[in-house]
Amino acid sequence: MAAEMDWDKTVGAAEDVRRIFEHIPAILVGLEGPDHRFVAVNAAYRGFSPLLDTVGQPAREVYPELEGQQIYEMLDRVYQTGEPQSGSEWRLQTDYDGSGVEERYFDFVVTPRRRADGSIEGVQLIVDDVTSRVRARQAAEARVEELSERYRNVRDSATVMQQALLAASVPVVPGADIAAEYLVAAEDTAAGGDWFDALALGDRLVLVVGDVVGHGVEAAAVMSQLRTALRMQISAGYTVVEALEAVDRFHKQVPGSKSATMCVGSLDFTSGEFQYCTAGHPPPLLVTADASARYVEPTGAGPLGSGTGFPVRSEVLNIGDAILFYTDGLIERPGRPLEASTAEFADLAASIASGSGGFVLDAPARPIDRLCSDTLELLLRSTGYNDDVTLLAMQRRAPTPPLHITLDATINAARTVRAQLREWLAEIGADHSDIADIVHAISEFVENAVEHGYATDVSKGIVVAAALAGDGNVRASVIDRGQWKDHRDGARGRGRGLAMAEALVSEARIMHGAGGTTATLTHRLSRPARFVTDTMVRRAAFQQTIDSEFVSLVESGRIVVRGDVDSTTAATLDRQIAVESRSGIAPVTIDLSAVTHLGSAGVGALAAACDRARKQGTECVLVAPPGSPAHHVLSLVQLPVVGADTEDIFAQE
């Protein structure tokens, strides 16, 4: 019988060991049993959670908000299997100190703790709070986003190539919300064989996910040809079966395309019928409105060249039901048996849909975006991934009713329309860039109706209407009952507004008649797909809290502007610029970062200020971050604009 260990001699005196454990600067935690009850914590942990009395408490009771963020699942695996686990820069949201839920990032190692007989009694964690490091990197990445397009394209050449071959966006349609994410496994295999598509065809929506055997440029070339061939067939109105049969015939002309797999589904907007074919591809995951998840039945079709034909099956999707298409990289993950991995995917998606899983802080407004992004991050961060991953998700929704506004033809009409139009466009799911473009164009139409159509204020003189069609296009109109009156030529800024409106949207027309003027626009809506090389990477998109009230703050050589700069406020800005710059003699910087709308009148004032500075040999610097409404408009009219902190970025680089 082995001699009992002399703990004092081998490990150290108990009091010394406890004191050393207490003063180690890393967070150390000991948990016991299947419920992971706290049995030991050191000073670093208590300093991190000073108000929580944890010893003796189960971890799930101490941090209930972590349920569904995959941390407890990891502790369970270590306790059950004895295999250590680790995480790098895991994002976790919970109440750490009794002050409310907050988001922090951690590196950690979880290892089993065994009894003398070898059985596992608990787990222990070594944890490092790396929140400051992650946020500093994220801030640097956000600043880099403000560099020139040339610099970004060089830095992200692999992603740019992927976006050139794949669908860069998904449509916005009245009967469904759509989201897509493409996760690149590694930089040197960025040109892979996965692809996705979403086609809005008026009465139906077609979703496609496919996978070509292999990686690299050859697989990407094959993928691109198959994607184009299938897209042409679907766009021509052929059924799912007919389109797949045509691509199966075509694949014989494309070396390397045999055994490519596809999953194609078609949603009828009216009935909710979802017809699909799994051509050698994993079946979609259906997450119902009540947050239950199941895989739909495979249809029995094989990959291209298999000769099995392309039978289809149907499901009826109710309002709130979501369907998730994916490639095998999502379920064939390192260290996970396929059966366990597919079950984990379904369970996680269901918990996120129910609200019990996933992240709660800064969550996307649309449930489908949260389902996509949280599923990828939480599913893959515990195992990693060694293949590209595509996730295309769609949730059926009730269509938003068309917009109809009747308002008085007054100088404030455009401001009233902008507020209601922004709200309606956000409700139908439009991206912020499309919202800015449409709001700008309609605002110009309304201002022209007031200025050119009526000599005085007219009650209910303007009608604005907008609707989203099943082909993904917004069609909007501004109608007045006045008689069009041209202004004299040569007036500063005249004629710029309608030209800007036409440039911002897909199509714009103005028709004058005896009964008034009708201005119409058609604009195709889309939302960008997300292309990343790391589930933790979240590109900084321009985010702006809408406060359209015009405010300008003037300090030495600098004017900071917030809100809408339109025909009613541009004159104020023009005067402030003239005074601060002494009519162009003194240099001036105009910060437009918080501008919510920059109309043609505002552009005219800024153009005049730049022209005065040029003639006087001084500078008028316009500042607006890329993605902001002001940056978008100024780039369109080719007025020089710089992003915030651009000079500091170049100095750092």
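From the backbone N, Cα and C atoms, a Cβ is placed for every residue, glycine too.
Per Swiss-Prot, the residue from the list Ser292, Ser443, Ser506 bearing the note phosphoserine is Ser506. If you compare Thr299, Thr383, Thr572, Thr596 in Swiss-Prot, the phosphothreonine annotation sits on Thr299. Mn(2+) 1 binds Asp328, Asp387 as Swiss-Prot records it, and from the list Asp211, Asp248, Asp471, Asp480 the residue named for this site is Asp211. Residues Thr270, Thr456, Thr520 are shown; Swiss-Prot lists phosphothreonine for one of them, Thr520. Taking Ser271, Ser548, Ser600 one by one, Swiss-Prot attaches phosphoserine to Ser600. Per Swiss-Prot, the annotated phosphothreonine among residues Thr54, Thr278, Thr308, Thr569 corresponds to Thr54.
DSSP gives Asp211 (Mn(2+) 2 binding site) a strand state. Thr390 (phosphothreonine) falls within a strand segment according to DSSP. In this structure, the CA atom of Asp387 (Mn(2+) 1 binding site) is 11 Å away from the CA atom of Asp211 (Mn(2+) 2 binding site).
For the modified residues Thr54, Thr81, Thr299, Ser506, Thr568, Ser600, a Cα to Cα distance of within 10 angstroms from Asp211 (Mn(2+) 2 binding site) holds for none. Taking every protein chain shown into account, Thr54, Thr299, Thr390, Thr520, Ser600 are the modified residues, and of these the Cβ with the most other Cβ atoms within 10 Å belongs to Ser600. In terms of Cα distance, the modified residues that sit within 10 Å of Asp328 (Mn(2+) 1 binding site) are Thr390, chosen from Thr390, Ser506, Thr568. Using a 10 Å Cβ-Cβ cutoff, Ser506 (phosphoserine) registers 13 neighbours. Looking at Thr568 (phosphothreonine) and Ser600 (phosphoserine), their Cα atoms lie 11 Å from each other.
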